[in-house]
Amino acid sequence: VGEDSAAFDLGTQNIVSWVYFTIILGVVLFVLDVIWIDNSTGFGKAFIDAVSTLSDSHEIVMLALILIFATVHSGLASFRDMGEKILGKRAYRVLFAGVSLPLAVSTVVYFINHRYNGVQLWQLQNGPGVHQLVWLSNFISFFFLYPSTFNLLEVAAVDQPKVHLWETGIMRITRHPQMVGQVIWCLAHTIWIGNSVAVAASVGLIGHHLFGVWNGDRRLAVRHGEAFEVVKKRTSIIPFAAILDGRQKLPKDYYKEFIRLPYLAITAMTLGAYFLHPVMQAASFRLHW
């Protein structure tokens, strides 16, 4: 009863829609830079400075930033039905992204800039196979992106945003792939960095995504009713649990659900992000957040 996730047919794509998407993306990045990132015109640094007054502890500030983002992000998601009735689906998506994106950028930049400021709890970076394990774990974590993020035209509100009920691809492994991917990412980074700031960031992010498991199921139940209950019985939160206990019946050609353009794009972007780590770190440091 669910939808086919990560499906992408080039033949059905509208060139005009992707032109709109490119223009919107450019405008969003420009506005984000002016009103938030650029220290001479934006409010990003003032926001970080205000949160930093809560404590001299980088761990507390890290947790506070995650809590603020999680409250706003999950709160807006929870009020989506009401907000869409008042503002419309596209306008509410713009509001959702416009508020969430700056807070996410601030949290990521603060983590990058202060990831080694905590108390060192262990040092495993030079251990045999640790780099390979961490690299592979990070690489795998990005394949657990929630399938709705593949619908870029909906994310940018070019197409009308929807609440999808996915059932194929990564959803056969776990009904909450974003949570699983975040846990894998957090564990890998915490093992690699090995200090209290990394632990604080991981606790905050994993806690936020565990709440998202409950909140996501609640919202899908409200939106899709009995159809969600059917999908819920055939899927699991714990990876592979539904497959192992026989509730999830894999089709013979299930692997074809992963040989799709969105997953190829994720592979390219993940590799690119790895090699661009020094660039991202340098850009974050220049903000002095």
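Glycine is no exception: its Cβ is also placed from the backbone N, Cα and C atoms.
What TrEMBL lists as domain 'NnrU' is 61-280. TrEMBL lists 18-37, 60-79, 91-113, 133-158, 179-206, 258-276 with the feature transmembrane segment.
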Check the transmembrane segment (91-113) against each of 60-79, 179-206, 258-276 and return whichever range has the most CB pairs under 8 Å. 60-79
Taking contact to mean 3 or more CB pairs closer than 8 A (sequence separation of 6 or more), are the transmembrane segment (18-37) and the transmembrane segment (258-276) in contact? no
Sort out the residues at least 6 away from either end of the transmembrane segment (60-79), same chain, that have Cβ-Cβ distances under 8 Å to it, and list them. 48, 51-52, 54, 95-96, 99-100, 103-104, 106-107, 110-111, 114, 197, 200-201, 203-205, 207-208, 211-212, 215, 219
Pop the mean pLDDT for the domain 'NnrU' (61-280) in here, whole number is fine. 95
